[in-house]
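S.K.: Once you've had a glance at the structure underneath, I'll fire off some questions.
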Amino acid sequence: MSNPSLLILPGDGIGPEVMAEVRKIIDWYGAKGGLTFDVTEDLVGGCAYDKHGVPLADATMAKAQEVDAVLLGAVGGPKYDNLDFSVKPERGLLRLRKEMDLFANLRPAQCFDALADFSSLKKDIVAGLDIMIVRELTSGIYFGEPRGIFEEGNERVGINTQRYTESEIDRVARAAFELAMKRGKKLCSMEKANVMESGILWREVVTKVGEDYPEVALSHMYADAGAMQLVRAPKQFDVIVTDNLFGDLLSDAAAMLTGSLGMLPSASLGAPMANGRPKALYEPVHGSAPDIAGQGKANPIACILSFAMALRYSFDQGAEADRVEAAVEKVLADGLRTADLLGEEGVQPVSTSQMGDAVVAALDASL
Ligand code: NAI
Ligand code: MG
């Protein structure tokens, strides 16, 4: 069997800085952790525009379609703000998402005990929290037709249309059930079947898909009740699957239960490839942070945890994902903080590379 393949796209700003720390972990796996990846590195975003005149070259796009997983840093920056819309750095990321047809957006909300004080909720409500929100990303009200602002009588009317086909619901539900199988085997589907026909169909199709996953305990909740439950008792959930609009809101709310932008990973998954692995793009939620770029201040943990997600969801290495997450937990428990995580008096921040080195040392200690 050939080694699993990874395409690494560090991008702009702090992207390359945080990705350098992930490279240390990938190298650690090759040298000591018994996992060798075939890694290719390429350009995306502003740096790709500088070299090729486009934010994502065709050859890079083709490579992304071939590999087992893509890991991206961040794109964009003030230098590119005045570029034509068609070649803006973000267009590179959008092209990847569109051409890989990444319809399931995964946003975990995971609380590390050492950072539980960062939460806006009481410590005991979030300590140990580990949930995953799966948001449908390529359909729903952001795309449905008709849409627009129209004249109607003597006033205007703004229209957007929530529209889901059975196959669109089926595929995101299946992705969510697959994740639930790799986690706590609990899935809660959220819609508004009480007031929306698309919600009725959503509930029906998710229930039907559930027959293929008898081991997963499936429940349904109206999305507004779900929002309440998320802030009241978030630990009752394991995986949540929901549509594009509700998922946009619920995933942002859930992410903030746990604190800093520098800690938040994400993944976007598409259809299974010939080898059974889903098309996959892993990236931190944060952007290129031009205000701190080049200063060694960026927190690499969001990118490191994105790699841990790749281990779990693309490479079936759940135990190794646990190992990386435990290493992060340990360095935080030891008191290491990048500047974005400072709260306590008298704590000196560590640099991006010191944080990465500490995670690697914790991996060493785990053997
Ligand atoms: P941002 O996420 O880059 O930064 C927001 C704030 O959080 C800044 O103060 C930044 O210093 C801080 N921050 C972000 N990541 C951090 C980390 N790892 N460690 C420590 N602090 C961190 O969002 P912003 O400022 O709105 O956008 C900056 C640029 O990034 C823009 O060009 C924007 O278009 C782009 N962007 C790219 C994204 C992507 O590549 N997926 C997502 C969001 C924005
Ligand atoms: Mg949002």
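Placement of Cβ uses the backbone N, Cα and C atoms for every residue, glycine included.
No curator has checked TrEMBL annotations; they are predicted automatically.
Pulled these from TrEMBL:
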- 5-359: domain 'Isopropylmalate dehydrogenase-like' (DOMAIN)
- 77-90, 287-299: NAD(+) binding site (BINDING)
- Arg97, Arg107, Arg135, Asp224: substrate binding site (BINDING)
- Tyr142: site 'Important for catalysis' (SITE)
- Lys192: site 'Important for catalysis' (SITE)
- Asp224, Asp248, Asp252: Mg(2+) binding site (BINDING)
S.K.: Considering only the binding-site residues Gly77, Arg97, Arg135, Asp224, which possess a Cβ situated under 6 angstroms from at least one atom of ligand 1?
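M.R.: Listed by sequence, the hits are Gly77.
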S.K.: Determine the binding-site residues, out of Gly77, Arg97, Asp248, Asp252, Ala293, lying near ligand 2 in the sense that the CB is under 6 Å from one of its atoms, and give them in sequence order.
M.R.: Asp248, Asp252
S.K.: Lys192 (site 'Important for catalysis'): which of the binding-site residues Phe85, Asp224, Asp248, Ala289 have a C-alpha within 10 angstroms of it?
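M.R.: Within 10 Å of Lys192 (site 'Important for catalysis'): Asp224.
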S.K.: Pick the one among the binding-site residues Arg97, Arg107, Arg135 whose Cβ has the fewest other Cβ atoms within 10 Å in this structure.
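M.R.: Per-residue Cβ counts within 10 Å for the binding-site residues Arg97, Arg107, Arg135 bottom out at Arg97.
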S.K.: Could you round the CA separation between Arg97 (substrate binding site) and Pro89 (NAD(+) binding site) to a whole angstrom and send it over?
M.R.: 13
S.K.: Output the one of Phe85, Tyr142 that, of all these recorded positions, has the highest number of other Cβ atoms within 10 Å of its Cβ.
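M.R.: Of Phe85, Tyr142, the one with the most crowded Cβ is Tyr142.
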S.K.: As a test of reading the model: what is the averaged pLDDT for the domain 'Isopropylmalate dehydrogenase-like' (5-359)?
M.R.: 95
S.K.: For Mg(2+), what surrounds Asp224, Asp248, Asp252 with a Cβ no more than 8 Å from their Cβ centroid?
M.R.: Ala223, Ala227, Leu245, Phe246, Gly247, Leu249, Leu250, Ser251, Ala253
S.K.: In three-state terms from DSSP, label Arg135 (substrate binding site) for me.
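M.R.: Note: Arg135 (substrate binding site) is in a strand by DSSP.
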S.K.: When the Cα of Tyr142 (site 'Important for catalysis') is compared with the Cα of each of the binding-site residues Asp81, Phe85, Asp224, Asp248, Asp252, which one is closest?
M.R.: Asp248
S.K.: Which of Asp81, Asp224, Asp248, Asp252 (the binding-site residues) has the most other Cβ atoms within 10 Å?
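M.R.: Of the binding-site residues Asp81, Asp224, Asp248, Asp252, the highest Cβ count within 10 Å belongs to Asp248.
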S.K.: Using only C-alpha positions, which one of Phe85, Pro89, Asp252, Ala289 is spatially nearest Arg107 (substrate binding site)? These are the binding-site residues in the record.
M.R.: Asp252
S.K.: Quick check for the class: what is the C-alpha distance, in angstrom and rounded, between Pro89 (NAD(+) binding site) and Asp252 (Mg(2+) binding site)?
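M.R.: Given the Cα positions, Pro89 (NAD(+) binding site) is 23 Å from Asp252 (Mg(2+) binding site).
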